[in-house]
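Reading through the structure tokens given below for one structure.
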Amino acid sequence: MCGIVGYVGHRPACEVVIGALRRMEYRGYDSAGIALVNDYGTLTVRRRAGRLVNLESALDEAEGTALRGHCGVGHTRWATHGRPTDRNAHPHSDAAVKIAVVHNGIIENHAELRRELEADGVRFGSDTDTEVAVHLVARHYQHGPTAGDFERSVFAVLRRLEGHFTLVFANADEPGKVVAARRSTPLLLGVGDGEMFVSSDVAAFIEYTRDAVELGQDQAVVITAEGYRITDFDGVATDVGWRTFHVDWDLSAAEKGGYEYFMLKEIAEQPSAVANTLVGHFVDGRIVLDEQRLTDQDLREVDKVFIVACGTAYHSGLLAKYAIEHWTRLPVEVELASEFRYRDPVLDRSTLVIAISQSGETADTLEAVRHAKEQKAKVLAICNTNGSQIPRECDAVLYTRAGPEIGVAATKTFLAQIAANYLVGLALAQARGTKYPDEVEREYRELEGIPELVARVLDNIEPVAALARQFALSSTVLFLGRHVGYPVALEGALKLKELAYLHAEGFAAGELKHGPLALIEDGLPVIVVMPSPKSSPVLHAKLVSNIREIQARGAMTIVIAEESDETVRPYADYLVEIPSVSMLFQPLLSTVPLQVFAASLAKAQGYDVDKPRNLAKSVTVE
Ligand code: M6R
């Protein structure tokens, strides 16, 4: 939530900052703003409600010299405190318009700090929690022991703030310097040649450098064109807690590459997202994870598994339950991270908690991880973002190597998560001896064949897009599935809700007669995810009966079924065929038409597929 950037170097800061915001707009798009310090020591702030394009138009009209300069900060906002208006847009500045700040996160003690500042005569220009930070820095910079010392003024304020935040400050008196700090929200440093960047995401600076530094908890960094200094909140330089890394993807991965929108590109990238996630994880006949700080003995001691995640990642967790229980005979509970944390779950040293998160930043999931660690459980992360907080705090990590996902709706990372979850299941089965090595290898080899099959589904996807356009005016779409088809139904419904803003619900088909059947009426589109007639004939027969029941009540059935499935054909008003695979792997194929259905329907409605209203990619508030 919120993308922030700071730059010092030899390029025009305005261009660098706007380019960075363009690539981070997926993090929030309620408003955008920029503060530039020109070479004559003048701070210019421009901010606009709405999309980045509004800010760009405002800049086009602005006077040239003010925007010239080589130091700046920028922000793209997902509103938490204060409505998404011009006045609440970041950057915020002090009364003298000398110091500017951009912020991601929440300053929890803002009300108390605001009262203190107001009692001191400070007048606020916004309703945000952020503004207190800049007035406090200005006060320290003007009076007392830190007067005239920009860095020490910032450190003094950082020590007073509660909550989670990344803050980036610029100061008109120091045109060649930016000071940034983080607690529990991301802050990355891009190390260029004669230029430095700070940002929420490497996408902000990938055009200029792939050398990055991930800052540690409660660390600050001072950047100039020539270098950087990492400190704690007392300003004491530290060489622990942060790490350098090289970004292994380039600018093209963060651009549309000829696709109309990112989601379409990301759907098309799914074969490589799954293939890359598998690469290097089967070595000498054994499954290996990435950062394995848990031994086989630790895995053998596990007697219960919890999976915690949110949204789409939660749906991938529901799928993991089927595989892990089947392969390891361990009981698995899957919980929404936001519920898990607050209900006092029974955890101990022999519990394994698996946290799944694309961003590695989701506040609910992070808090669930922290709670599990406090209870001494072992925690394993499945994450797509190198350098993010959740993997840092876990005992073992498996990275999904799906590459950057810009579309707010998760697509390729969902498939990559399923693959990663299955690798974890196989690693557990291997360590615990519940599967022989040749059985583990057989499952792995089938998984390895999935990318090619996903590509086949994609090759034949156009009829699904056309079908979605036909249903563009529907007000409700229902999804049905059984076994692993049930989480797929939930995911299909979530995609449609978030992209097309229509009522969509996923049901376990067996539950139909216990209530949802009452929703069926003439012409209502119902998407049914069929199990394989070969690998699960019993479930298949039951679902055929369910289809007949809804068809008899007037539903329009859109059926996702295996290519050879002749029995279901007579009951499908529309049939979408997918290749035949083992039951557990079918979601990797059956999800794809549902993603395309949602994206195409939303597009037909004229909605912004990559940036659905009210949402943001990374949810860093609880
Ligand atoms: O970054 P995370 O995987 O932790 O995010 C979890 C959810 O916010 C996310 O999956 C969300 O549900 C997607 N936008 C749905 O498409």
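Just so you know, the numbers here start at 1 and follow the chain as drawn.
Backbone N, Cα and C define each Cβ position, glycine as well.
Whatever TrEMBL says is automated annotation, not expert-curated.
What TrEMBL annotates here:
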- 2-226: domain 'Glutamine amidotransferase type-2' (DOMAIN)
- Cys2: active site, nucleophile (ACT_SITE)
- 295-434: domain 'SIS' (DOMAIN)
- 467-612: domain 'SIS' (DOMAIN)
- Lys617: active site, for Fru-6P isomerization activity (ACT_SITE)
Lys617 (active site, for Fru-6P isomerization activity): tally of other CB atoms within 10 A of its CB: 25
Cys2 (active site, nucleophile) CB neighbourhood, other CB atoms within 10 A: 27
Residue distribution over DSSP helix, strand and coil in the domain 'SIS' (467-612): 70 helix, 29 strand, 47 coil
Integer Cα-Cα distance in angstrom, Lys617 (active site, for Fru-6P isomerization activity) to Cys2 (active site, nucleophile): 9
